[in-house]
Structure formats: structure tokens, C-alpha cells
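Novice: I have a structure I would like to understand better, so I am pasting it below and will then ask my questions one at a time.
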Amino acid sequence: MTEPAERRLNQAIGIWIVGVLVYLLAVFHRSSLAVAGLAATDRFDINAAQLATFTMLQLLVYALMQIPVGLLVDRFGPRNVLLVGAVLLTLAQTGFAFADSYIPALVARVFVGMGDAMTFICVLRLVNSWFGPRRIPLVTQLTGVIGQAGAIIAAIPMTFALGHLGWTKAYLFAASLGIVLIIALLVVVHDAPGSRSLRGPSLTPAEIRRSLAMSWEHPGTRLGFWMHFSTQFSATTLGLLWGYPFFVRGEGTSKEVAGLLLTIMVVAVISAGPVLGWRITVRPWHRSTIVLGIVSAIVVVWTVVLSWPGNAPLWLLVLLVVVTGVGGPASMIGFDLGRTSNPPNRLASATGIINQGGFYASLVLVIAIGLILDWRTPGASTEYSPNAFRWAMSFQYVLWSLGLVQIWRYRIKARARLKSEDPDLWAELSRGNS
């Protein structure tokens, strides 16, 4: 490697580290309510459906902002949008720290969702601008799995902080971390080699609609959307809100074991990511096959847990969080479909489309679990029974069924599109020579 190339790679790694730390902090803020759910019911005097509304609004805002954020990144560059996201996250968590009633806390979580929505797409755009094509799939997976370390920080350490510092001090400390990263963004991050901030062309509403329509029309983008939809929601729902109550109330574990299980799930996410990144780099033809296999495994292990007589043994719960956790990095494979199916000028908006999939599925599941728990629990009690949790968690089968059908459908269409547009590449990939 020449000296200029080595300097550029070092600069790329430095920029990526700052970007991925902002994403890690966003995941931490997103996941912090998972271990604070029971404390939130007491602090705000709310039931399960109201508790689910926190995560529902946060996910809804996140999902709805994906396409607008993608367009903003294409127009104003990832550095500027990422900076706005970091500021929003810091201010929103500060507001959440001081909230002492339900409505102000809801408003704060809405702004957490807005700031969170501005992080991941920006970091992926930086990855695509600074790294070569052979490195992009692996760096993308590393981005996802390192970001998920934020969920580890939101598990055991956040449980400790809430227990020893109290609600306000714990969330204020979390918010203060954003100030450091805002400074690092201003100093370190450049949009592309030789340019601190890139500006794309201004698009008219008609041009925006046409660009989005072209991205969505491609079966590769739709396949990526449904892959993200099918793989992510189970782990996201456990990590964001319902995992801790499910393990404590539904499976009879202690609070410490529940926190440990959530941490193990994130470790599984981190461990599986690089393996999947390497695999799809050397065998891109099998991307959808890998996703189908992972979703099937998640369905099987959940089926065993939910049908187990009485509380599931600890080894089975560990297996559950490990297999479910692999769905996190598996959802990142959808972005690789978007990358190879769209030109650079549509990449951020296509990424936004795909990134909606898992969060819309998670949103539906979070709401459904809250409603089913209240339906299966007498009166206004929040003492949810194991049977109520089995009913609630079984709603996942609806989403898995829809997702698997759509993956198979658009897998066929995407391969047919590739064969018609580039028969030589189709032949090479289908023979497994890439």
C-alpha cells in the first residue's frame, strides 16, 4: 500500500470510528427504556399499552423519517445531518431525564426517535464514500454490530445506574455523552475525500417522487426491505421494551438474569456480524438464502420456548437470545441488496426505504404485545402472567409468515431482473464464482 493510500485509509477509519460511536450512542438512547420499563410504569403511573406507546412513537418517528433523512443526506451530506441528529439526541434525553409525567416523557421520546433516525443512514453513506467496494459489506456489518454495543450499555450498566443514581441522574449522564461526540463530529468527520461537506443537487418534488419510485421499483430494493422486515423485529422488540418484562414475568427469571440474557443477545449480534459480512462478500448470490435460513431458525427456537410446559430452562433462553440476536446483523444484508441494486445518487434514499422494514415490523409487534397483554390480564393489573406473554409473543408468527412469503417472491424477481439486465454477471454469480 502506498503512503497516500495508507493515509487515506487511516483517515477513513478515524471518520468511521466517530460515526459509529454516534450510532452506538443512538442505539443506547433507543434501548435505554428496555431495562427501565418497569421503573417507567411506576414513575409515570401507566399500564402496558401506555408503556408500549413510548417505543411505538419512537419507532414510528424513526421509520417515517427514513426516506426524508435519506433525501437530506443526498442533498446536504452525511456530516451535517449526523450533527443535527447528535444534537437532537442529547437534548431529547435531557428532557426525558427531567420528565415526571407521561406526556412530557412521550414528547421527549419522539425527539429521541428523530435524532436516532439521522444516524445510521449517515454512517452507511460515509462508509460508501470512504471505503472500497470489497471492504464495504464487512465495514457495514461492523457498523451494525459495534452500534449494537449501545444495547449492552443500556442493559447491565443502565440497570445499575437507575438503581444507584435514580432516574434523573442516570439519564442526564447518558445525555452528557452526546456533547463529546458532537465536538468529535465537528473536528474529525468529512463527507468524502477532499471535501468536508458535500452538497447534492436541489430536487423538485416531482424529481424526488421519481427518484423514490425508481428505487422502490427495483425488486432488489424490495427484497432488501422484506429481508430487513423479517429478521430484525424479534431482537428489536426484546431489546427495546418487552425482553426484560418477558424474562422476569413470563419466564420467571430474576432481574439480573434478564439483564444478562439481553446482554448475551447483543454479544450474539456482535459476534455474528463479521461472519455474515465475510460470507456475503464471497458468496453474494446466497444472500437471500442465508436470510431465509436465519429466519427459519428464529421461528423454530421461539416455537420451542413458547410451547415449553412451565418456565423454559435457562439454557433454552440463552439459545433463544443467541439465535434471535443473529437476526440483527442478518437484517444488514438487506442494505447490501440496496447497494448493488441502486446507483450512488439514489443510495441514501434506497437505504432509507429498506431501513423502514424492520422498524415498521417492530412497531406493529410492540403495539400488539401491549394490547394482547392488557387483553389477557384482568382489570388494570400490570402483573402479566406467563400465559399472557405466550399469547402476546405468538403474534410474531403473523409477521414471520408475511416476511418469508415476500422474501421468496422478490428473490425470484430480483434474480430475473439481474438475468435480463446483465446475463454474464447472473451466470457468474449463480455458478458461485464470486
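Cβ from N, Cα, C; glycine included.
Where the annotation comes from TrEMBL, it is an automatic prediction and has not been curated.
Taken from TrEMBL, the feature domain 'Major facilitator superfamily (MFS) profile' applies to 15-415. For 12-31, 51-73, 80-99, 105-126, 138-158, 170-189, 223-245, 257-278, 290-308, 314-335, 347-373, 388-408, the entry in TrEMBL reads transmembrane segment.
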Novice: Hey, would you say the transmembrane segment (138-158) packs against the transmembrane segment (290-308), going by three or more CB pairs under 8 A that are 6+ residues apart?
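Specialist: Result for the transmembrane segment (138-158) with the transmembrane segment (290-308) is no.
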Novice: Per the 3+ Cβ pairs under 8 Å rule, pairs at least 6 apart in sequence, do the transmembrane segment (51-73) and the transmembrane segment (314-335) touch?
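Specialist: No, these stretches are not in contact.
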Novice: Are there 3 or more C-beta pairs under 8 Å linking the transmembrane segment (170-189) with the transmembrane segment (80-99), counting only pairs at least 6 apart in sequence?
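Specialist: Counting Cβ pairs under 8 Å (6 or more apart in sequence), the transmembrane segment (80-99) reaches the transmembrane segment (170-189), since there are 3 or more.
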Novice: For the transmembrane segment (105-126), which partner among 223-245, 257-278, 314-335, 347-373, 388-408 gives the most CB pairs under 8 Å?
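Specialist: So the stretch in question is 347-373.
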Novice: So, does the transmembrane segment (290-308) come close enough to the transmembrane segment (388-408) to give 3+ Cβ pairs below 8 Å, pairs being at least 6 apart in sequence?
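Specialist: Between the transmembrane segment (388-408) and the transmembrane segment (290-308), contact is present.
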Novice: Which range wins on Cβ pairs under 8 Å with the transmembrane segment (257-278): 170-189, 223-245, 290-308, 314-335, 347-373?
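Specialist: By Cβ pairs under 8 Å, 314-335 leads among 170-189, 223-245, 290-308, 314-335, 347-373.
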Novice: Sort out for me which stretch, of 223-245, 290-308, 314-335, has the most Cβ pairs below 8 angstroms to the transmembrane segment (347-373).
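Specialist: It is 223-245 that shares the most Cβ pairs under 8 Å with the transmembrane segment (347-373).
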Novice: Report, as numbers and ranges, which residues of the same chain sit near the transmembrane segment (290-308): CB under 8 Å and 6 or more residues beyond its ends.
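Specialist: The answer is 227, 230-231, 234, 276, 279-280, 316-317, 319-320, 323-324, 326-327, 330, 333-334, 390, 393-394, 396-397, 400, 403-404, 407-408.
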